[in-house]
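A short worksheet on the structure shown next.
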Amino acid sequence: MSQQNNKTAKTPTKKPPATKPKPKLVPTQNNVNKDPVEVYCRLRPIKNNSDFVCIKRLNDNTLQLMSFGNNKLESFYTFKYVFPETTSQSEVFHRIGLPLIKNLINGKNSLLFTYGITSSGKTFTVTGSSHKCGLLPRTLDVLFNSIEGNLSRKFVFKPDGQNSFDIQSTPDALLEWQREKQVARTPSSFGSTPKVKKREQDDLQEWEQRDRDDTIVDIEVKGNAFAVFVSYVEIYNNYIYDLLDDDVMLDPFKMKQPQSKVLREDKKRRVFVYGANETEVRSSDEAFDLFIKGTRRRRMAHTALNTESSRSHSVFNIRVVQAPTDAEGEVIKDEKFMTVSQLSLVDLAGSERTQRTQTTGERLREAGNINNSLMALRTCIDLLRENQKFGANKIVPYRDNKLTHLFKSYFEGEGRIKMIICVNPGSEDFDETLHVMKFAETTQEVLINRANDMPFHMRIPRPSCYQSKFISFPRLETQCNEFVGPILPTFDKIDWKDSSQLTDLINILEQRKQNELRHYERMKQEHLLFREKVASAESENMLSRQQLAVLRNDLEVRENQIKALESKCAQYEDGQDEYCRKIYSLEKAIKEKEWQLESKIRALQHATNEQERNRAQLEERLEKEKERLKRVFNRVLEEKKAQLERELCLTNEKMHLVKDILTANNTDLGFFRDYLENLYPRVHPVAPVHPAQSRYSSCN
């Protein structure tokens, strides 16, 4: 058995080929109105410079993943962009977060995930620190910088509890604001303890000194009134809790536990958290204070890999409500003119291996639920990709987990999806990082239906008079004087007998007549110029129509070519799939044959060794048998030789006796007869002589 193991160990192992990055999706006729999920990768700085690094950034879009040890593996992965270890928080925000804010202000929904293993920098990317602000505080800063002059009066937009909003009149909004102020001035019987208050104040003071982002995003629709609402929930052990629920822990003596929320669908089939608080905020500081308040209630725990490890998935929703205003600056109370957009920032809890995090008990149960929810997300992504790639119609199990059910609307085309993969380049995280990379690679192949643009009536800019109310009458008088001439005096103040006043009146009338003629000539010239411009525009329009007809014909030809190429591409893909299956079956057969060959080689080697061992044993037995037979032969030879010597002695004696008898006379016959009788017993012994006995002394 040891020989077989040694033989197996000496068998050379093949180095697996490097995985090439997959080509990016090319828009075709079927997915021209779809956008892929944009996946970015951010590398965390290495903790210890002496650690081995298993990830190498090749360029702005490609990573190389390398393993160490006997089984070396190299694979390449492509992303929308790869942020190196030295990337600042501002660079990450301006590349990822800024386009999402533009979508939010212009009426489009967006979803941003941060995904990765535990202790890979997800929470730092979303939140950051007071001196290195992450995506969330910068998003709030830029949002309020952009809509600061267009905020509506507070409580004009009010949540209706069904994932939509009601529009209130200004008096109703003022009454609501007054009631809020009165409630805020009323002292609560159960307040926070001094220790909790001090900790909250310390956190808020630290973040009040944070670095702010001064970027401003242009608003496409001018004259709309905006309102911003935020909500903050967490998904813990597959239950949803509201982190901004004021009733939670309000009474420290009763220790009221948070109540889980349920998911429902609104009239537009969009999933939302029923009963979650949506708070209207007027500034980025107010919104971020709510975020800090909710984060303090979020489940955290200490593990072997992270001092403050997130034990739940957090979702911070920013909803922007906008509607046009009338000439008085009041919001038009018609819901069909109202647009609601949402940006969801999701900080996913990290996938964990209990062997590394050393979790037990309740923490082990939390880790299992975290991994199950992430596995449900992967399953939905895989089925979406399979349905789109192979034209299947499998049901995507969104409802299997709260995480996937909550964002079902986004995957069905209600907004844009982006994902940030946070990676620790240390070699100790290679196995977990490999699974994260494979999931990211699959996610990029999923196409999401492009969200609809803002309705046309919402994109028409409001007239400038709506912003400045009415034009003042003094300004109208000034413009009238410049156009017509001096103002005529009132007739009741004219003294018709005074010639000087009549002369002034005549001069005014002549000047007004001259102004009228001059303006008439100018209007005539402008009219001619306008007719020339109209004629030019008509000719350009005719030329544009001709060019449009040519382009349409060209487009039709190109579309036919694209369809033909798509059909060929589909055929090639089918053929490629068939070849891949054949190659896979051949490789599998080759591996089986190689395994059989190795088994036969080992069996042959074993048989050869056994044959050599049997041969040596036979040779040894042959030598022993030769020695034994030689000894037996020598013994038998000695016995035969002794017997022949004895017989020769007896024969000689008989010959002498016969000779003596023949030469003797009759008187001696009696003597010989007695002699022969005495000699007979010696010549014919009764018992055979043993070789060990002494030989006849007479024969010697």
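Cβ atoms are placed via backbone N, Cα and C, with glycine included.
Marked as region 'Disordered' by TrEMBL: 1-31 (among others).
Sequence annotations record features per position, and here TrEMBL assigns domain 'Kinesin motor' to 36-446.
Taken from TrEMBL, the feature ATP binding site applies to Gly116, Ile117, Thr118, Ser119, Ser120, Gly121, Lys122, Thr123. Its own atom aside, the Cβ of Gly121 (ATP binding site) has 19 Cβ atoms within 10 angstroms in the protein chains shown.
The feature region 'Disordered' is assigned by TrEMBL to 184-205 (among others).
What TrEMBL records for 506-639 is coiled coil.
Annotation: Ser120 carries the greatest number of neighbouring Cβ atoms among the binding-site residues Thr118, Ser119, Ser120, Thr123 [cut-off 10 Å, Cβ to Cβ].
Listed binding-site residues: Gly116, Ile117, Lys122. The one with the lowest count of other Cβ atoms within 10 Å of its Cβ is Ile117. Mean pLDDT for the domain 'Kinesin motor' (36-446) in the predicted structure: 84.
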